[in-house]
Structure formats: C-alpha cells, structure tokens
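Feature list (source: Swiss-Prot):
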{"type": "ACT_SITE", "residues": "Pro2", "note": "active site, schiff-base intermediate with DNA"}
{"type": "ACT_SITE", "residues": "Glu3", "note": "active site, proton donor"}
{"type": "ACT_SITE", "residues": "Lys58", "note": "active site, proton donor"}
{"type": "ACT_SITE", "residues": "Arg287", "note": "active site, proton donor"}
{"type": "BINDING", "residues": "His106, Arg133, Arg178", "note": "DNA binding site"}
{"type": "ZN_FING", "residues": "263-297", "note": "zinc finger"}
Amino acid sequence: MPELPEVEVTRRGLLPHVVGRRIADVIVRHRGLRWPVEPELEARLTGRIIGRIERRGKYLLLECLPPADATRAGTGEDAAPGWLLVHLGMTGTLRVYPAPPAPGAHDHLDLLLAAGPDTAEAEPVVLRFRDPRRFGAILWTPLAESDLPGHPLLSRLGIEPFDPRFDGAWLHRGMRGRSMAIKQALLAGDVVVGVGNIYCSESLFRAGIRPTTQAGRLSLARCEKLAVAVRETLAEAIARGGSTLRDFVGSDGSSGYFQLDCFVYDRAGEPCRICGTPIRQILQGQRSTFYCPHCQH
C-alpha cells in the first residue's frame, strides 16, 4: 500500500508536468473504485486549470481552477475553484505520459492535459490513474481551501509529521492514557498522520522502542526519540523514492528503493544490522510487525 512517502514522491513528480495545464478531456473507463466516480466528474473537470497539488496524509489534493470564461460569467460552482481528492488505495498509481500506451484493464481514468494560460509552449500529456485492486478513490469537492480541513475524509487526520508543531511533547500528549500498543497507536493516524506499516516498524527500531510497548507508558524522553525517528525515516524514504514492494511506481514509472536498506521490515530471521540478533516477526492487528528483540525494549 502506498504510504506517505510514496504519495509525496508522486506529488513531487507530478508538479512540473501537471501544474498550470488545462484539463482538455476526462476519460473514465471504470467508475467502481472504493467510492464510485460520480457521473458528473467529466463535466465538472473539463476546461479547468490545475493550480496546485497538495498532500494531506495519504491524500493528493489537486486544485482545479475554473476556466476564465466561467469566472467572467459570474457566480456558481462552475465559477469557483474546487479540489480533486485522490487516494491511491493499495495498488494505485498516477503516471504522466507524453504519448500513453493503449489503456489496460486496470487503467481507470485519464486526464488529457493541454497547455494552459501560463504553459503555452507545453506539449499535451495524459495523467493516468491505474489501480488493479480498485481500493483507490477519485472524488470531487467544491470546498474552498479554508474549508478543506473539515472534509469528512480529512477532518480526523492527525498532524503532519513534518509540521513544526510535531515533536516529542505532541506525541507524548497524544499517547497519554492509551492502553494499545505503540505501533497500533501510530497506525491509527489521529495523533500523527502517514506513519504506515513499513515506516512504523522502521521508526520504532530507530527509536529503540519495542512495537508491543503500551503507548500510554512511553516517557516524554522516549516520545522525543520516536518523533525524531518518524521524521528521519519518512524524510529518508521520500529521498529514496519511497518503497516498491509490489505495485508502486512514481509518476515517471520509476521504482522506489528505500526497502532495500530497511533495518527490520520484511527481514524476519535475518541478522540485525546493528547487533546481529535475528529479526523477529509478529502479527499486530492482522499486520506484520518486525523488530529486533535486543535493540528494542
């Protein structure tokens, strides 16, 4: 499943090829994603300009500005900015093609992007959403930017891990009173967002914390170590293009390679890179957890 680093890698890869372009056409081949693609999506998007691409947790947010003629025409939804919310689900990818190959069975949506007002020399490209398992989502919302935090899919997300406010004290307050294991508490995403399964195991290793430790019993000092480890792990993963375990590729088709140097994830039985103790694997909430019984306590 694409986690925060993979979504951020996708966002950064799209920026130079997508921002400022006009949506000339929308082709929806399959509407049966996690939530059905609305029948009006083609009409809502065609003619709009992609202004910005933001990220909130694992959601990509594409700002879709109204065409100039709609703005001049007056008020109404067509004359107001809106946002396209994209979630990659378990197997989704967004890729940019100058000349796209023939669509396959899992290529569900294309945005045909022409030159925009500020990209007059740009050649047309296609932004294609592919998702073999169809757990991804493409949703339109007419909300203004100031109202986006209140969107039902975004309102309960925790703080971003790169937000300056996220530190050990924030983590310590958020975990206070929680009896669940620290790994489960991090995966919940309501204290800090985007620390998925791979990066949770890796962050806990770097912080020296066993994943079964009760979240509410972590001291402030250990939370400070964990907050630093979360940031460092995610930043390193982004710099390495994310992790490609099965389906993920960036917007240009390139694979990530963070997984090649993981300390514990998917290394059950192999020696710890620090102490040589065999890495252990357990199940927590039906998900695999990896840790070193010597380095983590």
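Glycine is no exception: its Cβ is also placed from the backbone N, Cα and C atoms.
Everything Swiss-Prot records as a feature, shown here on the structure.
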residue : record                                         : DSSP class
Pro2    : active site, schiff-base intermediate with DNA : coil
Lys58   : active site, proton donor                      : coil
His106  : DNA binding site                               : coil
Arg133  : DNA binding site                               : coil
Arg178  : DNA binding site                               : coil
Arg287  : active site, proton donor                      : strand
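Highest Cβ count within 10 Å among the recorded positions Arg133, Arg178, Arg287: Arg178. With DSSP classes pooled into helix, strand and coil, the tally for the zinc finger (263-297) is 0 helix, 12 strand, 23 coil. In terms of C-alpha distance, the listed active-site residues Pro2, Glu3, Lys58, Arg287 place Arg287 closest to Arg178 (DNA binding site).
When Cα-Cα distances from His106 (DNA binding site) are compared across the active-site residues Pro2, Glu3, Lys58, the shortest belongs to Pro2.
Sorted by the number of other CB atoms within 10 A, the recorded positions Lys58, His106 start with His106, the lowest.
Residues His106, Arg133, Arg178 are recorded as binding DNA; their most distant pair of Cα atoms lies 41 Å apart. The recorded positions near Lys58 (active site, proton donor), taking a 10 angstroms Cα-Cα threshold over the set Pro2, Glu3, Arg133, Arg287, are Pro2, Glu3. Taking only the Cα positions, the spacing between Glu3 (active site, proton donor) and Arg287 (active site, proton donor) is 15 angstrom.
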